[in-house]
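*Asks:* The domain 'THH1/TOM1/TOM3' annotation in TrEMBL covers 33-250. Feature annotation from TrEMBL assigns transmembrane segment to 48-68, 88-110, 122-143, 155-175, 187-206, 227-251.
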Amino acid sequence: MRKLVRSSSLPTAALAGTPEMATAAVALALALRGWWEDVNGSPAWQDGAFFSLSAAYALVSAVALVQLIRIQLRVPEFGWTTQKVFHLMNFVVNGVRAVIFGFHALVFLFQTKVYTLVLLDLPGLLFFSTYTLLVLFWAEIYHQAKNLPTDKLRIIYMAVNGVIYVIQICIWIYLGTNDSPLLEPVSKIFISVVSFLALLGFLIYGGRLFFMLRRFPIESKGRRKKLYEVGTVTAICFTCFLIRCIVVSVFDPFWHAHIYC
């Protein structure tokens, strides 16, 4: 009988603690919200974050430039290969981001809002072009290995990028002539769609190339290295574009943030 009484008192104790847990959760949420508002409103914290990002992008840009120079010195006779163009675009994209974050105080002082949006959104489009170039490179390797035609792949790459740039330019022009509050969410949705296209490309051709390499004999020269390289890059790029796609789609004013990576 005592055991029954003791066991029946456990749910009661749990229920009694539920309001306290709910109150603690609400208090924690309010504290986090207050902390975020204090930090987000701190000029020193914002400057530190922007300058840290500027330094990080400058480092990545420098690494890309070093890689480009190394490849050019090693095989100068091949001209501008896809690999060289990829490193060049990485150097440009990350260099532009480093400059924008380094001079963020001037970027946000433009009287015309569309100028700020152009400076913030253009590196994202160049980033898309850079890494879809990597998808194109993998697609060409996969098609050649499967004896599939490759002549239309570059046309598709240029067509997709051309359409995306034309749409984005139209959005900028409309924002410059008509400052509609509804167009900024549309612009964010467009960036989210662009990110989704990129992650879809990595998922399709990165996945296909990965599984194709897995079917090669274990003794194949460089198989393990290439398998690890393709798998790692695919996973990282897919995750980055997925996060960008999700976060850009969030319009909650409390968690609102511009995603530049």
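Even glycines carry a Cβ here, placed using N, Cα and C.
TrEMBL entries are annotated by machine, without manual review.
What you see is a predicted model, and the numbers here were worked out from it, not measured in a lab.
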*Asks:* With the transmembrane segment (187-206) as the reference, find which of 48-68, 88-110, 122-143, 155-175 contributes the most Cβ pairs under 8 Å.
*Replies:* 122-143
*Asks:* Can you give the mean pLDDT for the domain 'THH1/TOM1/TOM3' (33-250), rounded to a whole number?
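*Replies:* Within the domain 'THH1/TOM1/TOM3' (33-250), the model's average pLDDT equals 85.
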*Asks:* For the transmembrane segment (227-251), could you work out the same-chain residues 6 or more beyond its ends whose Cβ comes under 8 Å from its Cβ atoms?
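*Replies:* Tertiary neighbours of the transmembrane segment (227-251) are 131, 134, 138, 185, 188-189, 191-192, 195-196, 198-199, 202-203, 206-207, 209-210, 213-214, 257, 259, 261.
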*Asks:* Which residues of the chain, 6 or more past the ends of the transmembrane segment (155-175), have a CB below 8 A from one of its CBs?
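*Replies:* Same-chain residues near the transmembrane segment (155-175) but 6 or more away: 113-114, 117-118, 121, 125, 128-129, 132-133, 136, 183-184, 186-187, 190, 194, 197.
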